[in-house]
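Trainee: So TrEMBL has the following annotated:
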- 18-36: transmembrane segment (TRANSMEM)
- 42-63: transmembrane segment (TRANSMEM)
- 70-93: transmembrane segment (TRANSMEM)
- 99-119: transmembrane segment (TRANSMEM)
- 126-143: transmembrane segment (TRANSMEM)
- 155-175: transmembrane segment (TRANSMEM)
- 209-338: domain 'GGDEF' (DOMAIN)
Amino acid sequence: MTPGPLRPEDLPAQVTRLYFGAVVPLIAAILVWGAVVPPDDLSVPTLVFAGLLLLTAAAYLLLPRRWEWPLRLIAAGTQVLFVTALTLFGLGVRGDEQALHTLLLVVPFTQLVWSLLFFDRPRVGRVLGLALAVTATLLVMRWDRTSPQPEPGTAPLLLVVCLMAQVFGWAFVNLHRRVIAGERSARRDPLTGLLNRRAFEEASATPGPPGVLAVLDIDHFKAVNDRHGHETGDDVLRVVAEVLATVVGRYGEVYRWGGEEFVVCLPGSYAFSAHLLMERVRREVAGRTLVEGPAITLSIGLGAYAPGQSPRQAFASADAALLAAKNAGRNRIVTAPAT
């Protein structure tokens with residue numbers, strides 16, 4: 001199955017997978033290389049730290065997704081604690097020039113990555129990023145085993161670069177949130193709050209499990225607008241949308257197709273169970289007193305789609321069934337014959 005295009009809301013998850021699948025193992029490999037070369041000056045604490053990083057990366061790949069948040073916290077917290085321990089105690093880690101250069105490169109990069117790694121908990125990401133920046137700066141100030149010694153301005157420069165990385169990370173996250181909010185609003189109908197036709201087209205672009213598609217139409221809706229006004233018509237649309245969202249619930253997804261027409265996608269359902277569910281919707285709407293005069297009713301058409309088909313492929317049959325329901329007198333459900 002061809003994967004769909006990367007959406008803005010998918011970016012944090014993609015960054016998380018890249019972080020644990022590539023960045024963390026790469027950092028661990030750099031640490032291991034620095035700890036064992038030359039072999040006569042082995043750094044056990046660094047090897048232990050690299051091993052912990054590899055364990056978190058392996059756990060992310062093997063454990064269920066509910067472990068993702070604690071693993072993110074463990075991976076980032078371990079790095080902050082390790083740099084803090086180096087700053088306070090040294091722990092026998094070699095402070096050669098190569099290690100210093102690695103530190104100066106990795107710390108700002110890590111802060112940028114953490115901005116997206118903690119996209120859903122930005123305060124935690126900011127606290128961890130600032131802690132890493134401060135402890136790394138203090139570590140550079142205490143660097144006393146390199147030859148030549150770090151320049152006097154190296155530590156302040158590292159702090160400035162880290163703070164700039166934080167600012168750029170925050171700005172990117174804020175921009176990313178606005179893009180996501182804009183994308184979500186573009187998929188929502190502003191009147192009813194339901195997903196719109198664009199959202200349906202995107203969701204049904206990829207084939208999936210079998211199910212049933214329902215197309216619903218409010219009977220004589222134009223007469224409601226003509227007799228009671230468009231504000232009352234809007235109220236009717238909102239009530240129908242509320243009934244659909246409440247009754248359908250976790251069984252499927254509800255979309256406003258346009259005007260007085262709605263679409264309900266019921267993956268994993270059969271025609272019989274979908275008919276029962278839509279009958280509940282029809283009865284609930286008909287039982288509401290929405291306007292003076294005749295009750296508001298719905299005509300509904302059902303069309304099934306097979307495994308490997310998309311809900312969009314059932315739209316023609318469901319729409320034809322809706323037309324049959326209208327021609328038969330409205331306020332009823334018609335199921336398209338199986339093909």
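Backbone N, Cα and C define each Cβ position, glycine as well.
Distances, neighbours, how buried they are, the whole picture for these features please.
Mentor: Sequence-distant contacts of the transmembrane segment (99-119), counting only residues of its own chain at least 6 positions beyond either end whose CB sits under 8 Å from a CB of the stretch, comprise 11-12, 15-16, 19, 23, 27, 30, 34, 72, 76, 79, 93, 125, 128-129, 132-133, 136, 139-140, 143, 146, 150, 154, 158, 161-162, 164-166, 168-170, 172-173, 176.
If one looks beyond the transmembrane segment (126-143) by at least 6 residues along the same chain, the residues whose Cβ comes under 8 Å of a Cβ in the stretch are 76-77, 79-80, 83-84, 86-87, 95, 100, 103-104, 107, 110-111, 114-115, 118, 149-150, 154-156, 158-159, 162-163, 165-166, 169-170.
Counting residues 6+ beyond its ends, the transmembrane segment (155-175) has Cβ neighbours under 8 Å at 104, 107-109, 111-112, 114-116, 119, 122, 125-126, 129-130, 132-134, 136-138, 140-141 in the same chain.
Along the domain 'GGDEF' (209-338), the predicted structure has mean pLDDT 92.
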Trainee: What does the DSSP secondary structure composition of the domain 'GGDEF' (209-338) look like, as residue counts for helix, strand and coil?
Mentor: 63 helix, 32 strand, 35 coil
